[in-house]
């Protein structure tokens, strides 16, 4: 626990947040908090961003339509919740956050176009957005060229670092290594079978996992297979799994393919309570589609589960459900999306400015003690310090926390010895 | 057979002047650079749409795989730009500096052989024309010589689009996979990203577009254009008259492919991006929609169609981020139901007669100077 500061109700910000959250139902009745008491616009905005005496504009850029909409909706919801809570608690530097939502339409060039629109036309102070690596890669040159600030919520492959991006999800080593260590120790696992979707994130993640298995755990990778995005035929690889009998199946299959994979796995008689399976791509959101009965017993390696038992999460989950419905589930990326607006607000207040350069410089060291996942802090490389957790899927679609690292894990987007 | 001595008849001249006015004067003066750059993006589809007018509207060959050629042209351009952006000093963070970043992520340690020639701009420009041209020649020869046509041809072009997408996505070490090629920066050391570069690229693109319009118009007016129409209406009669139907079809298909490829290359330059999402079946069908909305018999209509649909797409998605696809769908249905000949149909039915009447009033009794409106403008046979 060395890195974890003393949490608790004595933190003034935490109290503010709690009050803000508690006041949410009252927002419609009470007069809205008055804005405009902050520092003068000329001092907090020297670069012509969309900041007035009472308002500051940010962009939300996710896919509301297309194949990715099902995954990205959670992030949109979390970001809107965070913005509403921040406004209820007095806004940022005395200004109310107004957001402009754009649809990336699951199409990477559209993401680039809309990011440009948000930065050039709307002059937004920050963008909360992107989900897939492909959309981030498309948007990155735009935010760098026009000097914007992007808060990116998804766990991703690493190998990237930008002044203009804060990565609120975990990079590959943060997500994978501790999970592999745990399963190797817990299950005495020596042989691993990798299955992934065929694009950059699974390939990079598996490369890192393979190096770790071979060099650190002294185990063996007995198979490594990739399937096209959206693929639904996994029978041949399931046969190979049955032949090679690996100690652990390690998967990073994404999106709708998951549904087919776990159903076929179950139909082929692979019992996940006996065959260890560790996934880095299934959150509560995906289980909604897969069905709890098809995946119960599998282990997932994440930094957040909806079932986390801490005080922050106990206020976050009800607030989220209150805003978006009792049936919504909250996955790892949704929680990371929620961090974006809060981290931005805290950074603005630390920097005393909305200027992107000042925010980029002030980001390292910013800590968010009310994060549903516990506590996070921004590293010099603009990624977050966070814990790795392993959960076991239950029949009801939730995860039961099995293991968490004692300390926060340092983000290392360019890991030495793993490239 | 009447062949007009003039290159444009009066109605086409009006269309030409109107388009030139809008593209060269009105849009650049009224839009900021961001919107102008979007127009440049829309216009890249106009190249494809003009090709489809030749191949589908005149030749009657419906290709649902134009994204393939758009993509090939775009990827050729993007490969050149990516190599320039991947200089050793730009990529020193990688395990192997000097190769494109996505190769490094995929553990490729040397530039593949087929990438090498793309260091040369001359080769790239030739490749943009020749690679899609030759590919279309091969597909066209294989299909048309065996008299595969109509629906079967459309299905096969779809299959080709699907195959190429899978190939690009699957070979991500060589192509950038689903991410595509991003972060294209300079052309021969000239930064293509700042505002002034966008304006220059826009005008260059408009210039090329008019070049393609002239070529298409020229083909339409020659005997070749008449044979294409004849072929569309009665293929057997043309064959019995001694013409090689297959060769004419191959020609029209290749021209459409080359136009699409030029559009693709301009896309990579203007947007700084190329990805498999422009190659597959959906974008290919969208390209046919641009032509249909514009009116598949009209070269100018194709340009308007591409502009209108894309403006609607951007406008609707900015105003209604959750619902815009429905609005776009409704627009298509409305156009197809109410105006089966597209925008050019609206022009011909409503606007043109008024202009004619106006002119006729002024020049009363001077006869009809453009009575010989070309045969090719006839209504589609279906």
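We count from 1, first residue shown onward.
Just so you know, glycine gets a Cβ as well, placed from its N, Cα and C.
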Which range, B:79-102, B:151-174, does TrEMBL list as transmembrane segment? B:151-174
Contact ranking winner - B:42-61, B:121-144, B:199-219, B:323-348 against the transmembrane segment (B:12-30), Cβ under 8 Å: B:199-219
Assess whether the transmembrane segment (B:42-61) lies in contact with the transmembrane segment (B:323-348), where contact requires at least three Cβ pairs under 8 Å among residues 6 or more apart in sequence. no
Near the transmembrane segment (B:323-348), which same-chain residues lie under 8 Å Cβ to Cβ, leaving out any that are not at least 6 residues past its ends? 11, 15, 289, 292-298, 300-301, 304-305, 308-309, 312-313, 316-317, 379-380
